[in-house]
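Listed features, source Swiss-Prot:
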type    : residues                                                                                 : note
REGION  : 4-184                                                                                    : region 'Large ATPase domain (RuvB-L)'
BINDING : Ile23, Arg24, Gly65, Lys68, Thr69, Thr70, Glu131, Asp132, Tyr133, Arg174, Tyr184, Arg221 : ATP binding site
BINDING : Thr69                                                                                    : Mg(2+) binding site
REGION  : 185-255                                                                                  : region 'Small ATPAse domain (RuvB-S)'
REGION  : 258-343                                                                                  : region 'Head domain (RuvB-H)'
BINDING : Arg294, Arg313, Arg318                                                                   : DNA binding site
Amino acid sequence: MIESDRLISAKAGEYEEVHDRAIRPTLLSEYVGQPTVREQMEIFISAARGRQEALDHVLIFGPPGLGKTTLANIIANEMGVSIKTTSGPVLEKAGDLAAMLTNLEEGDVLFIDEIHRLSAAVEEVLYPAMEDYQLDIMIGEGPAARSIKLDLPPFTLVGATTRAGLLTSPLRDRFGIVQRLEFYNHQDLTHIITRSARLSSVEIDEAGAFEIARRSRGTPRIANRLLRRVRDFAEVRSNGHITADIADQALNMLKVDSQGFDHMDRRLLLAMIEKFDGGPVGVESLAAAISEERGTIEDVLEPFLIQQGYMVRTPRGRMVTSNAYQHFGVVPPRSGREDDLFE
């Protein structure tokens, strides 16, 4: 199973990049949700503009699909500068990063997605560039090799990551601004869906937008993807106008339930309930029961279910909670299992 094959995957598909770019907000005034992040960035950007300085380096972290790339582009637009975009895996050698740094103009934004995947050699080049706006380059080889320093124009590095814990301390400490993006509430997602529908010339009422929002797992990227699929359903099975009923029919057909679960989420939870009496069960046994790899369970399926309170990890294995039994209308066994969660 590939995560990007799931309709409710938070990872971007290749074709989605072009569509998302067309509906992406370009200014903080258009940015929906994340009120704390938005307020802080308004202050930091206004202060930097007032001093006519480059904005301090910014680290943005949080789950995929919440708008890290969008925020990086907004920062560049608000500062009135250009943005150069790359990613950690692309910067294989120190020379790759050096080439990008030497092409920056004063105040420009360098956006590095998946910054936690930078190699140690590339990070070493980045440290003096971030701290002193200098680039150390080795010329020659062997005993004749020597280091020269090149001055760089002041610039802003914006790094994005879904796994902030994998950043090295020296790199993390060089970011003056650190922002965490949280999952969106239903109201903000409804606003995002309504805006996306307007920009895409899709007719939708507020109830229809809310029905999509509550099944979008708190993630704008998923919300916009579901909007496109519901639009298809509305155009073929109705008059093209998305109502709550049309959205409900479409999403039920797509097997996305009221909590945003798809067939894989349900299969995992039901296996724990029906085959293991709710747990505790080891991840290897669970993987065998649903014919999935251990990594798929740990990295793709579990995080959302744990965060939403449908399952927990304990020293004895995985267990479902009472929420899972209620969701499927199953009476939990009277064994006091939840009292033993932390034994």
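For all residues, glycine too, the Cβ spot is worked out from N, Cα and C.
Values in this document were obtained by computation on a predicted structure and should not be read as measured data.
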Fewest other C-beta atoms within 10 angstroms, as judged across Ile23, Tyr133, Arg294, which are the binding-site residues:
Arg294
Among all the protein chains here, how many other CB atoms are within 10 A of the CB of Arg318 (DNA binding site)?
24
DSSP three-state call for Arg318 (DNA binding site): helix, strand or coil?
strand
Recorded DNA binding residues, Arg294, Arg313, Arg318 - maximal Cα separation rounded to whole Å:
14
Can you work out the mean pLDDT of the predicted model over the region 'Head domain (RuvB-H)' (258-343)?
85
If I take the alpha carbons of Arg318 (DNA binding site) and Gly65 (ATP binding site), what is the distance between them in whole Å?
26
Determine, for the DNA site, the additional residues of the same chain whose CB lies within 8 Å of the mean position of the CB atoms of Arg294, Arg313, Arg318; present them in sequence order.
Gly282, Val283, Leu286, Ile297, Glu298, Glu302, Gly317
According to DSSP, does Tyr133 (ATP binding site) sit in a helix, a strand, or coil?
coil
By CA distance, which of the binding-site residues (Gly65, Thr69, Glu131, Tyr133, Tyr184) lies nearest to Arg294 (DNA binding site)?
Gly65
Any idea what the Cα distance is from Glu131 (ATP binding site) over to Arg313 (DNA binding site), rounded to a whole Å?
41
Can you break down the region 'Head domain (RuvB-H)' (258-343) into helix, strand and coil residue counts using DSSP?
47 helix, 9 strand, 30 coil
Counting every protein chain shown, other Cβ atoms within 10 Å of the Cβ of Tyr184 (ATP binding site) number 24
Local Cβ density at Glu131 (ATP binding site) - other Cβ atoms counted within 10 Å
12
What are the helix, strand and coil residue counts for the region 'Small ATPAse domain (RuvB-S)' (185-255) according to DSSP?
50 helix, 2 strand, 19 coil
Name the secondary structure element type, per DSSP in three states, that contains Thr69 (ATP binding site).
helix
